[in-house]
2 protein chains.
Amino acid sequence: MGGSRSPDRDKQSSSNFDVDYVITYDIPPNAESAEAEASFTQLIEDLSAVGFATEVRPGRTPSSLLVFVKLASPALLKSQVYRARVQDWLFGVRPSAPAPSDPSSSSPSSPPLPSSTSGNGGGDGSKAMDRYFAEEEPVTEAERLRLTYELITRPRNEGGGAGVTPRLGRWRFVSSVFPLHDRAFNRAWIASWSKKYYLDESDIGLIRDRFGEQVAFYFAFLQSYFLFLVFPAAFGFAAWLLLGPFSWVYAVVNCLWAVVFFEHWKMKEVDLAVQWGVRGVGRIQLPRTQFKFDREGIDPVTGEVIKVYSPYKQLARQLLQVPFAAACVAALGGVIAGCFAIEIFINEVYNGPFKQYLAFLPTVLLTIFNPTLTALLTRLAEKLTEIENHRTHDAHQAAFVQKIFVINFITSYLGIFLTAFVYVPFGKILVPYLDVFKLTVQRFTAEGKTLQTKDWQINPDRLTRQVIYLTVTAQIVNFATEFVVPYAKRKIFRTVERVQSELSEKKGGAAAAAEGQQQKFRQDQPEEAAFLERVRDEAELDEYDVAIDYREMVVQFGYLSLFSVIWPLTACSFLVNNWVEARSDAMKIAANCKRPIPWRADSIGPWLSALGFLSWLGSITSAALVFLFKNGSGSADGSPWDMSGWALLLSILLAEHAYLVVQLVVRSVIRKLDSPGLQKERSERYAIRKRLLERMVEWDVSGSDAARGPGVSGGGEKITRDTLEEEARRLSVAGEGKLEQLFWQRQRSAAETIQIGRALIAETAANKTK
Amino acid sequence: MGGSRSPDRDKQSSSNFDVDYVITYDIPPNAESAEAEASFTQLIEDLSAVGFATEVRPGRTPSSLLVFVKLASPALLKSQVYRARVQDWLFGVRPSAPAPSDPSSSSPSSPPLPSSTSGNGGGDGSKAMDRYFAEEEPVTEAERLRLTYELITRPRNEGGGAGVTPRLGRWRFVSSVFPLHDRAFNRAWIASWSKKYYLDESDIGLIRDRFGEQVAFYFAFLQSYFLFLVFPAAFGFAAWLLLGPFSWVYAVVNCLWAVVFFEHWKMKEVDLAVQWGVRGVGRIQLPRTQFKFDREGIDPVTGEVIKVYSPYKQLARQLLQVPFAAACVAALGGVIAGCFAIEIFINEVYNGPFKQYLAFLPTVLLTIFNPTLTALLTRLAEKLTEIENHRTHDAHQAAFVQKIFVINFITSYLGIFLTAFVYVPFGKILVPYLDVFKLTVQRFTAEGKTLQTKDWQINPDRLTRQVIYLTVTAQIVNFATEFVVPYAKRKIFRTVERVQSELSEKKGGAAAAAEGQQQKFRQDQPEEAAFLERVRDEAELDEYDVAIDYREMVVQFGYLSLFSVIWPLTACSFLVNNWVEARSDAMKIAANCKRPIPWRADSIGPWLSALGFLSWLGSITSAALVFLFKNGSGSADGSPWDMSGWALLLSILLAEHAYLVVQLVVRSVIRKLDSPGLQKERSERYAIRKRLLERMVEWDVSGSDAARGPGVSGGGEKITRDTLEEEARRLSVAGEGKLEQLFWQRQRSAAETIQIGRALIAETAANKTK
């Protein structure tokens, strides 16, 4: 492949040829070829029907096609934007409706009022729209791409999309739908970030405009977390120098920090959502195409026919989470505990031959079993979430994240838990049972009956070494697997592919020449060859999944919150790591992944509760660790076995409840401080309210005055006493002389009331004087 | 006093003479008499200026006046109702705005749209309003009274009220502003409730219409709680028969019940608020007149001048709550613990003379000190809340309730806590220290050196007896103090007053005759004498405070949640008590209190978190009680001293976390079930949204069609492929022949794209076959 180099090459490589989306289409094996042709025809027809221009080009391999898609007319985009913004307003995401046509409200100084939507403008709608969008709120690239994607994937009966759903049903040959990277922007982006020490709001804003709020939220969270890390890094360094490990002062400060960070982010999140105009966007939920329904029912709210799935069935299926969690604990826990036991046996008990080689055994076992099991359990989690049959994407994603979190929790933290809460306190009791291994080894070795073993001692440094490994070495390894490995893998795969395709070309050369008619389609035009090459590269990239990045950060936060009391330098390591992390994640999006579809989000979603959980658990583990090891470190052998259980439990109980109280206090304090985002929201809503009220007061005065003459105005400001009194008397006199009327006629005016009242007061005063 | 009996007497006693509110005016001692006169004049003038008709009559004592007030015209009420409803809409309490004037939207079939408020109707406003309110939503008595009260008390600069604030500033002579009881309704109400076993929604609805949502919420809560009590009462009875006290089965079921009740009420509360149209009413907050401000500032949201009080100062002052809570614990705790110690000494150690009399000593001491201290601390709490200087009534009330809850928590539960967690487990260690009393007694008694003491044993029945006392006897005593005592007190006071006033009349008879001119005002007209007598009676009643009733119920819930495992029949007692409670509270409102001002509310407010706290604490105390006493009851002396601390703490820890997990599960399950209230709300909002969208689609078609001819319609439904393709080609060809255009011109139509794509597919298929 690879067309001839043309002078346009440079331009080609940065221009996207106005392509909005690329659809990759897999040509199936021969048996389904007719079906694939029909489906392809359907695809192009459906896309054109909605308003897309289409082009088809061959993919890299003969068994794939690339369909290029763009919105045929700018007016279609505008109508989509308007439609989406009106929906936002209706769901309360925007404070005011966009005003596309009513000439009376299109002046830039007056934000559009709800009322203006009622104007049935027969005039130049698109001109007004042009003005509106140009002047008031530009359409960002992210918004354009998102709406285009929705138009491609939305079912036809829900607002007229093309209904193309990759890998599902009749679209199972469509393997992906992705936008193209903006090379020029990406280069500038990476270049600018690699030179900056500190990312500010405008950097995040740029990401939002290009990659949508979901990705922007990740980077905003990362940046916020990075800034917050400065404090525990500095304090941790000081604590490491002055206090040493297992300091209760460090534990308290660390927990407090976690609470403040968590509560601060909760506010910041809302703030950003308001600033970006996406607060409440979670209410506009995308239905999942895969949702299965029991029956069709009538929605009690809308009266429309909807798909119904029994909530009890769903609940019952969600209960499967319990055996799932148990399975995770059993499988992963078993492997980890087993490797742990082997490791201890080999390192600390065993003293026989091959010790230096056997030392690698547990690591090898872990490296083999852990990823396999994790992948297996992740697949299981996917299946389980699928079975739970959620109606919306958000609910599905949240349920999946929950399960993933369980798996990650076990793989990340169980090792340290075992060391801290099993190996160290109960080591002396448990290690003798490791003789199982000794016996096993003895059975297989022909050597003499007695295996050399050391006199065993609990190794108190083990915990610290483990934490250092997980917070420094593992982060570096993680970076490598996330960033370097995919790059290398891609390079290798591409070379292999090229060689294969060259081979097959040579082989099939004669046949191809015979079919010259068809082969001409395979030949790239020189002016687009470089561009197509680039698209083919991008088509092979993985899809970007923000959940993976979040997971990494949440797990990291967990180390800090749960175990940093063991090694106070943890936060320093994370500070450095996260500076790199932000850049490498940017690189990953820009170079290692397909451009993500710019979804909106109004928060970091289910990860927030994971953070809250880890922060809370941190209060317990910190208390337990300080109690176990601070006390223990006093005794000679470093074993805390001689302390009492009830004191440990009491300290945990107290720490946890102190944590909950502090959280309550911090929450109420942070709620008192005003956030700029909420202020902006309130001020917008206030402006609309005020304008409406003013209109109403106008009506109030003119309307009621015209109806009944002077006397009754809105709040009663202009009422004169005389007219009211007069009215009251008149009404009373006109009645049938009832007791009520007699009562109210007693004093004929307010003046009379005053007179009589004063007389009564004077009388009382006089009486009292006597 | 007391006018002559007229034949109108019966009618008088049930009619309210159209009076909306009665203002009682205290005539001060002589020195301030001139000031009082001026203030009175101001009062009547201000009231008339706003639109009230006024009448003045002498009060029961010469030093008080009764000012009768009614809205002078129905139009004023209507404009107030309209104004308030528009405000509700603006704050999101109602889904749609009321439509008073626009003739186009006043047809009953179409709910008013926001757009209709923009109509500047110069026509017959009041007529349209008549139609609107008559047909669409009647004005309930509660709404009328609430708006009237707001008109009386609202400052003039905030929407034109009379600004009369009882007991404050220049209105310090105004001692109260209250509406009159509707005797006929009250009689029917009490009669109907006393015959009913079960109160349903319509009964609560009646209360809502008469006394407002705040009172209705109390009765709804009471009723909901009563119904929920049936289960623990039945289960408790069974447990009492079969399981005995301190059963862990009962404890688990009881905790589960508390969680379900709490979560159910949280949903029910929202449900009721939606049904009553008050959801979110908390956002419309009444500013407190007593709010002090540091400086005037510019509101960043509204741009108006507002009163600002530093939030840091307020936070600092709120910190005073900590010493306050400490003081409560110290003072009340000291008294309770002291009396407790004395009681134990006298009952269980002391065996000397006067034992039968001395047994009453601790009760006497508690009865003297406890109410005094409670009253003192309540006053302190009031002061503290005042100092915290909250801007709104709601915030003030919530802060006050918080403090009250601390006091009540200590007075209600500390006794049992002491018995269960100090006396029983540590009794053997602590009781010997009670020799302090022995020595004290010995010093004062001349009798021989040795005081007779019994051989002391921990009394395991003590705890049960205490719980039975508090859940049965104390409830009856409570009923008496709440209901019987005020009635008796009032009767006695009234007799005393009458005697006094007769005496003074006799004495001042001659002087009065000389001042016949003035005395004539003092003489009631026969046709209104009975009515005035009734008003004077009502003026002497206490104000109804719903917080007192809530407190009683919350404390009761606490006994059930915290201690019912000691005596499983607790719930049975409460079930009976609460049946009576609902009726006696109704009686209290109808006969023992001034008619309450019908405030709105959208929840039970700060009591909800108190319930949540007690329910959570219940999981801890239940676990501890079961562990301490179930284990202990096996041994001979009933002392659980021989169990291990860590097992107790572990069981507490496990119980608490099991509780939290269960709460999470119950919450998510309850959230899944749809509530009728929320369904109603959604359906209303949906209807509005749908209508707007329909309008927009109309515009979409007509507007854009007119502007650009066929091609671009709203969601793209009516686009034809040909026109779009054509447009795309046209646009491309018109350009400057750039690469992009070349790219998109490669395939001239969708048909060509399809053709080429199919060819590629066929080719691949053919290649694979070979």
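Each residue, glycine too, has its Cβ placed from N, Cα and C.
Listed features, source TrEMBL:
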DOMAIN    B:18-108  domain 'Anoctamin alpha-beta plait'
DOMAIN    B:134-174  domain 'Anoctamin alpha-beta plait'
DOMAIN    B:207-684  domain 'Anoctamin transmembrane'
REGION    B:96-128  region 'Disordered'
TRANSMEM  B:215-242  transmembrane segment
TRANSMEM  B:248-265  transmembrane segment
TRANSMEM  B:322-346  transmembrane segment
TRANSMEM  B:358-380  transmembrane segment
TRANSMEM  B:400-424  transmembrane segment
TRANSMEM  B:604-626  transmembrane segment
TRANSMEM  B:646-666  transmembrane segment
Practice task
Given the cut-off of 8 Å on Cβ pairs that are 6 or more apart in sequence, determine whether the transmembrane segment (B:248-265) and the transmembrane segment (B:322-346) share at least 3 such pairs.
Solution key: no
Fill in the blank from the handout: Beyond a gap of at least 6 residues from its ends, the CB atoms lying under 8 Å from the transmembrane segment (B:322-346) belong to 355, 358-359, 361-363, 365-366, 369-370, 373-374, 377, 380-381, 384, 403, 406-407, 410-411, 414-415, 418-419, 423, 431, 434, 437-438
Problem - Distal contacts, the transmembrane segment (B:604-626) - CB-CB under 8 A, six or more residues away - result: 217-218, 221, 246-248, 251, 254-255, 258-259, 261-262, 265-266, 269, 394, 397-398, 401-402, 405, 420-421, 550-551, 554, 557-558, 561-563, 565-566, 648, 651-652, 654-656, 658-660, 663
Handout entry: Helix, strand and coil counts within the domain 'Anoctamin alpha-beta plait' (B:134-174) (DSSP)
Key = 18 helix, 1 strand, 22 coil
Exercise for the section: Count up the helix, strand and coil residues in the domain 'Anoctamin alpha-beta plait' (B:18-108) according to DSSP, in that order. Expected result: 41 helix, 21 strand, 29 coil
Practice task
Please give the sequence-distant neighbours of the transmembrane segment (B:358-380): residues at least 6 beyond its ends with Cβ less than 8 Å from one of its Cβ atoms.
Solution key: 324, 327-328, 331-332, 335-336, 338-340, 342-343, 346-347, 350, 404, 407, 411
Completion exercise
The answer for the domain 'Anoctamin alpha-beta plait' (B:134-174), taking Cβ pairs under 8 Å and residues 6+ beyond its ends, is 20-21, 23-28, 36, 39-40, 42-43, 46-47, 49-52, 69, 71, 77, 80-81, 83-84, 98, 108, 182, 208-213, 287, 289-290, 597-600
